[in-house]
Amino acid sequence: MKWLQHFFKHDVKLAMMSLMKLPGFSLTVISTLAITLAALAVVLNINYLVLGKALPYPDSDSLITTDQSETINGETQYGFQILSAQFKIYTNTTHIDKMALMSLHGDKLNDVAGSPYVEGVKVTPEYFTLLDVPMHLGRYFTAAQGLNAKQQVVVLSYPIWQKHFASDPSVIGQYTRIGNDNYQIIGVSAASFIPPEVFGNFPVDLWLSFNEEVSLTSHWNAITGGVNGIARLKPGVTLAQASSVLGEQINALYQGREAVAANTAIGAHFVPLKAKIIADSSAMALMLLAGVITLLFIAITNMTNLFLSRAAQKQRVMAIQAALGALPKHLLSSMFAEALILCLAACVIGLIMAGWVMLWLEQDLHYMFARLQQVQLDVVTVVVSFLVSIGLALVMATLSCARINYVALNCQLQGSGKGTGAQISTTTRHVLVATQVGLATVLLFGATSLLSPAIERLQKPTGLNTDNVYYLSVDEGQLAPADRFALSQQIKQSLIRLPQISDVASTEASALAMGWENYLYDDQAKMQGIVSTGYVDSGHFALFEHPILAGRTFVEFTSSHSIPTEIIISQSLAQRLFGQQSAIGKTLQVQPENPLTVVGVVSDIYVPDGRREYAKERYYVPYRGNNLRFSVKVKGSLAIDVLQAQLKQIDAHLTVGQFTPLAQSLENRLRETKLVAILTISLIALALSLAAAGIYGVLSYSVQMRRYELGIHLSLGAHTHTVINMVLKQSMRPVIAGLIAGVLFAVMAYLLLTRIAGVAFEGQIIMVFITLPVMLLIASLACYLPVKKVVAGDPLQALRIE
């Protein structure tokens with residue numbers, strides 16, 4: 001107790017006064033540790049949420065998703081489901097204890113001001129009971145509102161209820177218009193409920209009942225990633241057993257249909273719900289954790305360098321203290337007081353920084369990680385951060401004092417004071433420098449392996465000219481046109497007459513929507529795979545300046561009864577199917593017994609869609625005008641009001657649904673890639689900064705210990721360049737050793753990950769030749785600056801060693 005009282009009354013006070021005279025040292029230590037602690041707190045929270053924390057649902061470990069697989073010519077792929085196959089699994093009572101069907105259904109709230117677009121999911125009543133959804137108002141679906149009951153009811157999410165319904169409790173029982181259908185609002189979910197991110201990292205705005213018939217025969221022609229199921233298996237049934245048995249059952253249904261392609265099959269690929277949600281987030285979270293841990297080691301080495309430098313500065317003060325009777329524990333207490341003040345200050349600043357970063361993560365980084373809407377600066381994080389800071393302060397003080405020879409220190413005042421640098425060995429200083437450089441080199445190699453593909457993806461041209469191009473969807477309201485194709489053509493001709501519009505083309509979806517994939521067969525009805533599909537008219541390629549490498553575009557057609565039997569394919573697809581032969585005139589089939597003639601080959605496009613590889617294989621077929629959707633190229637700007645007025649001239653029911661610039665859509669698609677690049681560049685910048693500061697600190701100490709020696713060289717007439725070169729040669733030895741060690745470790749890690757763990761390496765070898773010179777340049781500057789400061793001064797001042 002007396003020691004604590006003396007510590008806080010005297011040591012802390014003296015330490016504070018001493019540190020105020022050393023703003024450079026204090027700022028370096030605080031900034032180093034604050035940034036590192038902030039990064040560590042954030043990344044630990046991410047890893048805890050992604051990998052460690054259980055899902056917030058009852059018995060969440062037993063929940064699974066009923067994913068399917070599809071095998072074509074021996075190759076199996078995952079991620080696409082068929083609703084009728086899901087219905088077969090849903091009705092199984094032998095292996096499935098309870099299951100909820102889910103189907104994405106985004107649309108507009110047409111009776112709300114501005115007709116906002118909302119992300120909805122059609123679900124069966126089991127969704128709410130499996131997840132134990134808490135309700136803020138009303139109730140959720142009952143069995144009477146389940147599958148095939150054809151009821152139209154909806155449960156709103158709490159944020160949507162606040163934003164678009166003004167938190168009005170009287171909305172329960174009222175109707176709202178979603179798309180062209182009226183749904184009765186029966187409930188509002190609690191604010192605390194976080195829906196499982198089965199379909200991706202985006203918020204769910206509302207849950208709708210299935211209002212269409214679903215059966216074993218109804219939906220086989222639609223294979224989509226927007227359908228899935230959440231289930232709990234019967235007690236004693238394993239995931240492998242359920243996948244095997246139910247996979248055989250749904251495949252038997254699939255094979256029993258007419259005109260099934262040869263060498264194709266479907267199956268069940270059930271996965272735990274948590275594994276489905278986190279998907280690739282776990283790999284990115286672990287890579288971030290590895291990077292931050294490496295950064296932490298660099299920071300610790302950096303701080304060791306700084307505190308050794310500080311111990312060197314305090315040797316004369318310590319000598320006076322020792323001469324006056326101070327024991328080693330008193331010297332340790334003095335160093336600990338300084339370290340504690342700096343570490344606690346850094347901890348507070350770091351936690352504030354972490355809080356702001358977590359707020360940013362919550363709002364933005366859900367594009368990269370699942371479950372980040374739950375990230376927060378909790379009590380555990382605060383306590384652990386303070387404990388780490390206190391422990392680090394004790395370690396720094398202990399290491400600093402352990403390198404001080406107390407006996408020699410006690411005798412220092414009796415001597416000339418020269419040669420005191422021997423108290424901290426050259427070997428120790430070299431090890432610290434080599435460790436800094438080695439760790440930074442390893443981190444740079446790892447970071448650039450992420451950065452180079454991200455930069456390449458950001459700079460990759462799409463192959464489409466999206467400048468001033470908008471995606472337009474038109475809502476028809478209560479209008480039920482007898483000939484939708486004719487109405488589509490009428491709208492197209494009306495739009496092209498506007499002076500603000502230079503071109504219009506009909507399309508099924510945005511040109512950047514790469515999620516449409518369908519079967520493709522050759523002329524013998526042999527399955528050639530599931531290929532990205534575009535439904536467009538003949539003017540699509542000219543509007544987007546999409547090069548036609550061979551052949552032509554579709555012939556013009558003016559009626560839904562005269563759709564040409566033509567198909568246009570991408571260059572990559574043409575090369576796979578026909579090799580060096582010309583694809584023009586060849587026959588392909590989207591549906592068996594419906595041959596299409598290849599009339600054109602277009603260049604590949606590179607549209608980022610969340611997958612690692614681009615969907616370069618793609619085919620285009622004539623759009624039948626089933627929906628009123630268009631690609632519109634404008635001159636300058638075009639107000640929505642002008643579009644609305646033009647549509648009203650055709651029919652009063654027509655309104656603008658979506659009018660979205662494709663440039664903005666492309667920006668959103670690259671958002672995750674940009675975040676990867678930003679995080680990686682930040683990690684590289686931190687590593688280089690910490691390494692440079694650490695190397696500078698230890699070499700400053702080394703040069704300070706040699707000031708007397710350097711002063712003699714300069715006094716005897718040695719040229720400053722000679723002295724600088726001499727010190728640089730000696731200082732660069734541990735730097736080179738660290739670089740070699742870092743490269744060897746990085747190569748070993750690369751071989752281990754690629755050859756044994758099977759991790760794909762996307763980095764480019766050119767980044768190695770960039771990383772090493774950058775690291776060498778940073779280290780050289782850190783070596784040069786300390787000696788330059790000494791040789792630029794008065795040699796006599798160096799001889800005094802003050």
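If you go along the chain as it appears here, the first residue is 1 and each next one adds 1.
Each Cβ is built from the backbone N, Cα and C atoms, and glycine gets one as well.
The average pLDDT the prediction assigns to the domain 'MacB-like periplasmic core' (28-244) is 91. Residues or ranges marked as domain 'MacB-like periplasmic core' in TrEMBL: 28-244 (among others).
Positions annotated as domain 'ABC3 transporter permease C-terminal' by TrEMBL: 292-404 (among others).
Per TrEMBL, domain 'MacB-like periplasmic core' is recorded for 467-649 (among others).
Annotated domain 'ABC3 transporter permease C-terminal' per TrEMBL: 682-792 (among others), in sequence order.
If you look up TrEMBL, you'll see 283-308 (among others) marked as transmembrane segment.
Panel annotation: around the transmembrane segment (339-359), residues 12, 15-16, 19, 26, 29-38, 41-42, 45, 307, 375-377, 381-382, 385-386, 388-390, 392-394, 396-397, 400 of the same chain, lying at least six beyond its termini, place a Cβ under 8 Å from a Cβ of the stretch. Positions annotated as transmembrane segment by TrEMBL: 339-359 (among others).
TrEMBL lists 379-399 (among others) with the feature transmembrane segment.
Proximity of distant same-chain residues to the transmembrane segment (675-698), defined by a Cβ-Cβ separation under 8 Å and at least 6 residues beyond the stretch ends, is recorded for 28, 32, 35-36, 39, 284, 288, 291-292, 294-295, 298-299, 301-303, 305-306, 308-309, 364-365, 367-368, 429, 432-433, 436-437, 439-440, 443-444, 447-448, 450-451, 454-455, 458, 735, 774-775, 778-779, 781-783, 785-786. Among the features that TrEMBL reports, transmembrane segment is placed at 675-698 (among others).
Residues or ranges marked as transmembrane segment by TrEMBL: 735-753 (among others). Beyond its flanks by at least six residues, the transmembrane segment (735-753) meets 430, 433-442, 445-446, 695, 759, 761, 772, 775-776, 779-780, 783 of its own chain at Cβ-Cβ distances under 8 Å.
TrEMBL lists 765-787 (among others) with the feature transmembrane segment.
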Same-chain residue ranges lying at least 6 outside the transmembrane segment (283-308) that approach it to Cβ under 8 Å: 25, 28-29, 32-33, 36, 39-40, 43-44, 46-47, 50-51, 335, 339, 368-369, 392, 395-397, 399-400, 403, 424, 428-429, 432-433, 435-436, 439-440, 442-443, 446-447, 450, 676, 679, 683, 686-687, 690-691, 693-695, 697-698, 701
